[in-house]
Amino acid sequence: MTEQSTRKKIIVAITGATGAAIGIHILLTLRRLNVETHLIISKWAAETIKYETDYAPANVRALADHAYNSADLAAPIASGSYHVDGMIVAPCSVKTLAAINAGICDDLITRAADVCLKERRRLVLAVRETPLSEIHLRNMMEVTRAGAVIAPPVVGFYTRPESVEDILDQMVGRLLDLFGLDSSNFERWQGMRKDGA
């Protein structure tokens, strides 16, 4: 087998919820791990990237192997016959969560997510909202029953993070664990430390 045929392929979608840095950090980590990335940035994610980070949307697209317009429903990843190993939506807005739950495939993000569900491929939604309403919780329960994994980006304080970078390493590492990928750049829980350890 060639390297090309064994290389993992992951769809990364960034939506307009706060936390654009999480999606960017995922792309950087997957590049380091030599995973082929297929990126979709929603209209509002592009605005959030400009507002929350020092990146321009074009610079974020350049981090991926393939980048698609969110309106392009003819993209390869819109079909189940195009093989990928899964999809991660990070951050995932509650609007995107609701659309995925309802099966509304009106853009490439929701269509690609729908394809992952129907093909029984890994779909991880890093839902970014607080507090959560009953509607949000219902949507999370229903997509979980349909096969998705809800994995909110939560800080692991046991790592004693000293920077935003440390927090992102831990968050992204845990998200990529769900795809069997080890980022190898954050401390894993080894049990309670003894005094002086």
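Backbone N, Cα and C atoms are what each Cβ position is placed from, and that goes for glycine too.
Just so you know, TrEMBL annotations never went through curation; they're auto-generated.
What TrEMBL says about this one:
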{"type": "DOMAIN", "residues": "8-178", "note": "domain 'Flavoprotein'"}
{"type": "TRANSMEM", "residues": "12-30", "note": "transmembrane segment"}
{"type": "BINDING", "residues": "GLY16, ALA17, THR18, SER42, SER93, VAL94, LYS95, THR96, ARG128", "note": "FMN binding site"}
{"type": "BINDING", "residues": "TYR158, ARG174", "note": "dimethylallyl phosphate binding site"}
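Annotation for TYR158 (dimethylallyl phosphate binding site): same-chain Cβ neighbours under 8 Å, separated by at least 6 residues, are GLU187, TRP189.
In sequence order, THR15, TRP44, ALA45, PRO91, CYS92, LEU97, GLU129 are the same-chain residues whose CB sits within 8 A of the CB centroid of GLY16, ALA17, THR18, SER42, SER93, VAL94, LYS95, THR96, ARG128, the residues recorded for FMN being left out. Cβ-based crowding with a 10 Å cutoff singles out SER93 as the top-ranked of the binding-site residues THR18, SER93. For the pair LYS95 (FMN binding site) and ARG174 (dimethylallyl phosphate binding site), the Cα-Cα distance reads 24 Å.
Its Cβ placed at the centre, GLY16 (FMN binding site) has 19 other Cβ atoms within 10 Å. Across the structure, SER93 (FMN binding site) and ARG174 (dimethylallyl phosphate binding site) are spaced 19 Å apart at their Cα atoms. Summary for the binding-site residues LYS95, ARG128, ARG174: the Cβ-based neighbour count within 10 Å is maximal at ARG128. For GLY16 (FMN binding site) paired with ARG174 (dimethylallyl phosphate binding site), the C-alpha to C-alpha distance reads 22 Å. ARG174 (dimethylallyl phosphate binding site) is 19 Å away from THR18 (FMN binding site) when you measure Cα to Cα.
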